[in-house]
Structures are given as C-alpha cells and as structure tokens.
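So that you can see what the record holds, here are the features copied from TrEMBL:
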| type | residues | note |
| --- | --- | --- |
| BINDING | Lys113 | ATP binding site |
| COMPBIAS | 374-386 | compositional bias 'Low complexity' |
| COMPBIAS | 387-398 | compositional bias 'Polar residues' |
| DOMAIN | 85-360 | domain 'Protein kinase' |
| REGION | 373-398 | region 'Disordered' |
| TRANSMEM | 20-41 | transmembrane segment |
Amino acid sequence: MPASEQVNHKEEKDKQKMKVIVIVVVAIAVVFGVLLILYCISKRTNFREKLENNVMIDQNIEGQSEDMEVTFFTLATVATATNNFSSNNKLGQGGFGLVYKGTLVDGKEIAVKRLSQSSGQGLNEFKNEVILIAKLQHRNLVRLLGYCIEGDEKILIYEYMLNGSLDSFIFDQTRAEVLGWSMRFNIIHGIARGLLYLHEDSRLRIIHRDLKASNVLLDSKMIPKISDFGMARIVGGDQTEGNTRRVVGTYGYMAPEYAINGIFSVKSDVFSFGILLLEIISGKKNRAWFHPDHGLSLVEHAWKLWKEGRPLELIDTCLEDAGIQSKIIRCLHISFLCLQQHHDDRPNMSSVVMLLHSEGSLPEPKEVGFFVGKKSPSSSKNQPSSVNEITNTVLEAR
Ligand SMILES: *[C@@H]1O[C@H](CO)[C@@H](O)[C@H](O)[C@H]1NC(C)=O
Ligand SMILES: *[C@@H]1O[C@H](CO)[C@@H](O)[C@H](O)[C@H]1NC(C)=O
Ligand SMILES: *[C@@H]1O[C@H](CO)[C@@H](O)[C@H](O)[C@H]1NC(C)=O
C-alpha cells in the first residue's frame, strides 16, 4: 500500500470513529435531555400541586378567620329542612321576618330566619350584616351558621336553641317555677356578658337596640344567648352614641332619650337591660302589666316600692327564700341604676358585670326614667297593640 493511501485509509477510519463518538454522545445527550425534561415536568407538576394545595389551605385558613365558617345554603336545602317553610315549623316572629325550625339532612337542627321582602334591606346591607354577625363570636350570643340569597329570598341560618326564648319561661306561671334564683342569676349574668362583648370587647362597638326577653334564647344548658341583630348598629371607635330619625325597637324597653329624641347609645342598651332585669326578678312583663290598684307600670310600681322600703313585694313569688333575698335586692338595686333617667347616670356594662359580682356598696339611684306609663308621651293605654311583641315598632322622632 502506498504511504499516501495508508494515510487516507487512516483518516477515513478516524472520521468514522469520530462519527460514532458524536452519534453516541448526541444520543446520550438527547436521552439525558429528555430525562431531564421529564424530570423537570414531573417536578413542576408536583410543585404546582403543592402550590395549589398550599393556596387552598391558605384560603381555608383565611376563609375561616374572615368568614368564620359561615356557609352558603341553597334555597332548596333550606326549603327541604323546613318542609317548605311550613307553618308547623314556625318558631316565631323576629324583627324583619319569620323564624322557622329546620332539620338538615344530617339531622342537625337549625333556626331559619326568612327576612320578609318588605324588610327594606338591600343585598349589600344583607351581606354586610351576615359578615358582621359572623364575626361576633361569644358564648352569650346566638351563632350564625350560614345564609342564603336566592332571587328575592334572604335567609339567615342560626344554631337552634333547645329551650326557646326567655320570655316563654319568666312570663309563664308554671315554667317560671323551674327557674330558681341561681338559674335566673346565671341568665342575668350571661346576658350582661353578651352585652358587654357587643359594647366593649368585640372588634366593633355594637349597639343592639332591641334587647328584650323574647330576644334572649336559652340553649340546652339554659345558657342565655342574645339574638336578633337586625336592628343593631355599629358605631365608630370613639363614638358611643348615634342618632336616628326612625326609632325602631320595642315599647317598654326603650330608654326615654331614644324613644323621644332618637338618640341611641350603649347606655340605651343598658336601660333595656335594666328593664329585662326587673322582668326577670318580678316575673312581670313591663309592657303588659299594670298594677290593678293604681295602674302604675312595672317600672313605676317597682320604684314606688323601692322608695317605700318594700322591695321584697316585687319579687316573683317563686323566689321567696330568705337566704337569697339580699342578693335579689342587690340585683333590683342594679336594675334601678340601669334605669336612670339621664343616660350619664347609668353604669356601663363592664361596671354592671362587676357590680353583679361584687358585694360592695352601690350608689343610691336617682329618679328612674321610663317611657311606658301614664306620664309617657305615648302611653301604652292608648296603644291597643301594646301587648303585641313584634319588634318593628316605628315611631317618628320629634
Ligand atoms: C316543596 O315544594 C316543592 C315545589 O313546590 C315540591 O316539589 C316539594 O315536594 C315540596 N317539599 C315538601 C317537603 O313539601
Ligand atoms: C332545657 O332543654 C333540655 C334539653 O331539651 C331539657 O333537658 C331541660 O329540661 C330544659 N330545661 C328546662 C328548664 O326546661
Ligand atoms: C365604665 O365605667 C367605669 C366607671 O365609671 C369607667 O371607669 C370605665 O372607664 C368605663 N368603661 C368604658 C369602656 O367606658
């Protein structure tokens, strides 16, 4: 073989070798590349799945803190639970709508408040109210479970209270006997705590504006829960009172400055609490009861007895027991402090809660104020509907 051919041959061989090497390298590179890409893709989906999970968890946590587990119910669910809003399921009438008892498919009992279309509440106000109530969580406030908005229907779903409302106990001769003083005191204390939370302890300052016996519900352990926030008003941080041209509330529980001038404040709630206290102690309804002899209203009659030094005559007969009389008289005293004519003279709820527990001396009450009665601008005697317990009593402010 000539030398030049030999060189050529060698070059040829080297070239082929190179080709094979290149092919192998490329092949390996491609395989690695593909593997890498596959790996990356799988990793990315994993990552995305993880990310999505995280986002979902975050949303759940956030949803819980923001919306407090308020659930949206479909109208069909609510209709099924209440037998199509059957009158047999009717529990009563609250401000702005009828309340029904319902049973969900899983057996859980609920209270369903169907707002009447004439409630005049718009969609945004309704949603705001839902969010507001959902944020209020306290052992002495009824808990909102969910809501339903569909077509014209606006519905609130609350936890169901086994023992019904306080008025069905204290104003009923036979059921009232079940309530001994310690149970009554626990109820008084619970209501005071619930109201204190609304006024001072929650993130918002809330004035209920319609505290009354029928708006206090009792659970299976007789723990009282304040309900019906349809008329509640939020007032700004430092603000403690507001003014309205439309006075809503219930005669007999309204503070004079609210009933007459439309000025509401935490102190007008304190006044309503004072009336409630008087009713729990006496077993008599402020709005419906007048003394058979002199026709005085409950507040006037109680105040008269107090001034004459005969407070024990007011106490519900079921409560006559010497050992507890001094405690009852202390509560009566506190109720007069809550019923002071001028709102500055009334204690705030944190003072009330403190006074209920302490044994120290109490300030002497001045003249009590009242709205129902002979001297009131709108005597209940001229009001044929005065026994009617429906809340949405509206009178124009003067
Ligand atoms: C409720 O009403 C719907 C339609 O009107 C009807 O189909 C359904 O059977 C009713 N359900 C009950 C429990 O009455
Ligand atoms: C309240 O309800 C519970 C459960 O239904 C019942 O056991 C209890 O007797 C009720 N309490 C009163 C005072 O009626
Ligand atoms: C409640 O009243 C007491 C006694 O007057 C007072 O010391 C306290 O600051 C009041 N609390 C609020 C939140 O206004």
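Placed from the backbone N, Cα and C atoms, the Cβ positions cover glycine too.
Note that TrEMBL annotation is computational and uncurated.
In the predicted model, the domain 'Protein kinase' (85-360) shows an average pLDDT of 85.
Residues of the same chain that lie 6+ residues outside the transmembrane segment (20-41) never bring a C-beta to less than 8 angstroms of a C-beta in it.
Cβ neighbour count for Lys113 (ATP binding site) (all protein chains, 10 Å cutoff from its Cβ): 24.
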